[in-house]
């Protein structure tokens, strides 16, 4: 009996971990003028309060993760600089 309860609890815990994936939110903006593109972050460490560095057409911004896919995390790298990229 105890092994059945353990198996059910284990399965529920496993499913909650699998189903709780987090993503950057999808941007509602599809295009941005080059002179308006700026990066507030280059990597997640640049963000505070559990937010992630997410890429948008207007640059990288700190956003809180969501459970809906569609957004894109910022790639960062040595060439990424904060501020206006124009």
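Heads up, the Cβ atoms here are built off N, Cα and C, so glycines get one too.
In Swiss-Prot this protein carries:
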- 24-54: disulfide bond (DISULFID)
- 32-58: disulfide bond (DISULFID)
- 41-53: disulfide bond (DISULFID)
- 42-80: disulfide bond (DISULFID)
- 47-62: disulfide bond (DISULFID)
- 21-66: domain 'WAP' (DOMAIN)
- 1-20: signal peptide (SIGNAL)
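Recorded features from Swiss-Prot, shown on the structure.
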residue : record         : Cβ neighbours (10 Å)
24      : disulfide bond : 23
32      : disulfide bond : 14
41      : disulfide bond : 23
42      : disulfide bond : 18
47      : disulfide bond : 19
53      : disulfide bond : 23
54      : disulfide bond : 26
58      : disulfide bond : 15
62      : disulfide bond : 17
80      : disulfide bond : 17
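Counting residues of the domain 'WAP' (21-66) by DSSP class, helix then strand then coil, yields 6 helix, 14 strand, 26 coil. Here the domain 'WAP' (21-66) returns a mean pLDDT of 95 for the predicted model. A Cα-Cα distance of 9 Å separates residue 62 (disulfide bond) from residue 42 (disulfide bond). Taking CA atoms as the reference points, residue 24 (disulfide bond) and residue 58 (disulfide bond) are 15 Å apart. The shortest Cα-Cα distance from residue 47 (disulfide bond) to any of the disulfide-bonded residues (32, 41, 54, 58, 80) is found for 41. It is 18 Å from the Cα atom of residue 32 (disulfide bond) to that of residue 53 (disulfide bond).
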